[in-house]
């Protein structure tokens, strides 16, 4: 015991030093208690004698199970902390020489102690594993313990003594006086006696025995035994599944009986160069395969680790079927985009049942019947060529009818037969009639009110490519639709340059038109009481032409277009000036009215300016005598006198 304690103290000191190098200080007593707890919860740990990260994680799992079972009261507080610290040391033992030395020393001590425990267990197989002695008795000398072991046990001494005595004093049953015993027993059944207040406890003469000693089992040996059993079970299951697959192939006639007895080495290989097999999404576990598979899935073939080929069904991707259905509805069954999806699906191994199910799901009833008739016709032509070639692939195999109506039989077809079915199905699809207007879906692509013009053009080009196969073929049509299906703001920006630039020019012109531009147009239209479209049309209207005819190059007074005269002009009535004749008053030239009275002359322009002040000369004025013979003198007023100089200032206002 002292040697074991010294060894424990030795590797505890090693661990303390290793933890100290990492800046962690721990107490030696706490580590000793921790390893005692490890030994109690994980008795296998000292026996294996190896410390690595895998075994140390097993110790952590044991701690967690112990915690879940007995609760936090039964586990030391520092148990998980020390476990994490030692885990970090084990993870980095390669980089630290001191930690490596501590782990190596601990493994040696564990191996020595485990060997000592095994030798002690082999010599003392009948030793009681549960000690009934107290902790104080364990501290006594070994001599005292030997003396105490020779004494009788302290617990239940009377029962054990009676048991030992009775084993020697049991009488022979043949010598018992049974009549006397019955008379004595009858005395204990007197009805006049009062009943017992309580039944006496049953007397158990068997002494409490210690639990049996369990033999120490090496966990490595037990694990190896379980692994060998599992490997044997896996081999038998693989053999069983391979026999089932081979039996199905023999029933369908796709496998020839060979003299080779190695069933696991059988695998299907390509029969001609360049032939490729469809790849499955993952390797299927043969233990979980379901037979028979569902009847609506394409066939895939995978290879396991031993080279064995396994065929199974994987489900159609729902997004692919949805995309094909959408393409058929929007662009038509024979559009290039739709045919591209069909060809991508046909790259897999599809049985005739798979093709029939797929076509029925995405095409209308009439188109499905047309496809089926074309498919059968193609299969008849292919079957005739196969008959001439002598490969045995007849009409029933190509169409999945007759003896090959079951999907299990179709699943075992050769790759060449799958290729013939693919060609017949895709050729039948290409012969479907064109319905409706292919450009109807293209004209339905319109720009949203807040959608950028570049995104709208991209949608337009994508749709045109799916309909025409090549967007360059309908570039003029796309350019026209880019203007007609654009929103009013983009149309107003493109209109002046519509015939002067191409589609890229349209994109440049509308690159700045965004939500803020649309908001400004809406506000301007609201203030002007117009719609956005009317506002943009009036804004771009040219006002530089003739007001009379609207043409450029002349004014209204020079316009020679007499066809635009207003036919609804008023006819002048009776002249208000002369009261005779129908003409306008400003055009009246009469001197008298209808009564013969003279009419005043016209007053010129009819506009009179500001009256002027009388003109008067100040200062010396020369006098000209009046001459009656002057023809220009028509004044009657008397002649003015000669004015002298005056000091009167001129008038301030006229």
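Heads up, residue numbers simply count up from 1 along the chain you see.
Yeah, the Cβs are placed from backbone N, Cα and C, and that goes for glycine too.
Now, the feature entries from Swiss-Prot:
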- 132-152: region 'Disordered' (REGION)
- 200-203: motif 'PPXY motif' (MOTIF)
- 215-251: coiled coil (COILED)
- 544-561: zinc finger (ZN_FING)
- 573-590: zinc finger (ZN_FING)
- 588-654: region 'Disordered' (REGION)
Worksheet item: Could you give the mean pLDDT over the zinc finger (544-561), rounded to a whole number?
Response: 77
Worksheet, complete the sentence: Residues in the zinc finger (544-561) per DSSP class, helix first, strand next, coil last, are 3 helix, 0 strand, 15 coil
Discussion item. What does the DSSP secondary structure composition of the zinc finger (573-590) look like, as residue counts for helix, strand and coil?
Written reply: 3 helix, 2 strand, 13 coil
